[in-house]
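First the structure, in the form of C-alpha cells, and then the observations on it.
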Amino acid sequence: MARAFLFVLDSFGIGNAPDAEAFGDLGADTLGHIAEFCAAGAADRAGLREGPLHLPNMSALGLMHAARLATGRLPAGMALPERVYGIYGAASEVSRGKDTPSGHWEIAGTPVTFDWGYFPAEGDAFPPELVEAICREGDVPGILGNCHASGTDIIARHGEEHMRSGKPICYTSSDSVFQIAAHEQTFGLERLLNLCEVVRRLVDDYNIGRVIARPFVGSDPGSFTRTGNRRDYSVLPPEPTVLDRLQEAGRTVHAIGKIGDIFAHQGVTRLTKANGNMALFDASLEAIEEAEDGALVFTNFVDFDMLYGHRRDVSGYAAALEAFDARLPDLDRRLKPGDMVILTADHGCDPTWRGTDHTRERVPVLMFGPTLRSRSFGIADSFAHIGETVARHLGIGVGPHGRSLI
C-alpha cells in the first residue's frame, strides 16, 4: 500500500491567478519577484544570503517549468534543469477567498464556494456590539487596536499600553480573521486562549473564518517578539475533506504544524506542533519514519507567509526557500517504493507587493516519489485536484470536486 506526504509552503505563489484583478493582485508573483530581486542583488543581506535565487532541488522537480506554465516566462536569473524528476504543473484556486482555510480546504478537496464575512478597513473594524460582548463575556476591560493592521506593527504600537491596562490588542486584515495579541506573562497565555474561544463563538454570527491567538513576550517595542504559541481557531470545513475520508477508511492522518487548527482538528489522527520551518521539516521526517501504509503526512510550513510574506521581507523569504530546498535530499532518502510527495502552496504573499496581505496567485504542484515518472500535467483549474490525487494514490474514493492528476 502507498503513503502520501503533502507539504504546503504557505504563500509560495508562482504568478497571478486568472482572477487576480478582482482581488487587486494583477501582476503579483511571489516566486518571480523574489527571483527578480535576487538576480539584481536587491535581496542580498550580510550574514543571510546573496546572489541569484538558488533552488536546485525544487528546480529539478519542475518548479521553473511550473512557473513558466503559470506566467509564460522563467523567473529572473533562473534556468531550466537538464532533467526533471517529478510530475509538475500549476494550479488555480476556485474558492472565493485568498485566505489560509480556503486554500487548505480546497487542497483537501473541498472548495469554499460561499463568501466569508470581513471587517471594514475604514474606521473601527469591529461593531460596537461585538466589542461589548467580547469585553463582557471575555472579562476584559476593553480592547486596543480595533483596526486592520500588521501584527508586528500593532504590537509595537500598543504593546506597552496593553501591558499596563490588560486590554488585549485586537485587529484584522483583508482575510476573514479576528486576531488577538496578548503578552504571555502580563496577560497570560491560557487567558489569551480562553478569550479566543469566547471570540470564536461570538464571531460565528459574522461568518468569520478564523480567530488567531498571537502571544508575544518582551518589555518594550524594541524587544517585543511573537512566540511560537500561536493558535488558530477555525470553523469546520463545509463538507468532508480527504482527511475525513481517509480517517473513515481507517487510515492515519498526521497533521503537522497548524494543519490541525486549519481543519478544526477534524479528520486528524495524530497532531504534532513545531515552531519554525526547520523544526517542522524535522517533525515531518519523524512522521514519515513512523507512517504506516496508507497514511497521509500533511504539513504547513508557515514561516514563508508569517515571517516573510506579510512582513514584505524579500531577503528573508529567499533565504527560507533556499533553506527548505536544501532539506529535500533528507526527505528523498527516506522515501520507499509507493511513496508520493506533493509540494504546493495555499495562496501567494508576494513580499514585493503593496500592503501586507495575501496575493491571489497560482501555486506550484510538484509531485515525486520512487515510482513516479516525470511529466507535466499543465495547469489544474482547482486546488481540489491535489487532494483527489492523494485520495487516488492512497486507494480511497475520489471526491466530487476534483480529479486525480496522476
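Note: Cβ is positioned from N, Cα and C throughout, glycine not excepted.
Some features that Swiss-Prot has for this protein:
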| type | residues | note |
| --- | --- | --- |
| BINDING | ASP10, ASP346, HIS347 | Mn(2+) 1 binding site |
| BINDING | ASP305, HIS310, HIS358 | Mn(2+) 2 binding site |
Problem set entry | Per-residue Cβ crowding (10 Å cut-off), top of binding-site residues HIS310, HIS347, HIS358 | HIS347
For this session: Measuring Cα to Cα, tell me the gap between HIS310 (Mn(2+) 2 binding site) and ASP346 (Mn(2+) 1 binding site) in whole angstrom.
Result: 14
For this session: Measure from the CA atom of HIS358 (Mn(2+) 2 binding site) to the CA atom of ASP346 (Mn(2+) 1 binding site) and give the result in Å, rounded to a whole number.
Result: 10
Problem set entry | Count of other CB atoms lying within 10 Å of the CB belonging to ASP346 (Mn(2+) 1 binding site) | 29
Exercise. Between HIS347 (Mn(2+) 1 binding site) and HIS358 (Mn(2+) 2 binding site), how far is it from one CA atom to the other, in Å?
Worked result: 7
For this session: Give the distance between the Cα atoms of HIS358 (Mn(2+) 2 binding site) and ASP10 (Mn(2+) 1 binding site), rounded to the nearest whole Å.
Result: 10
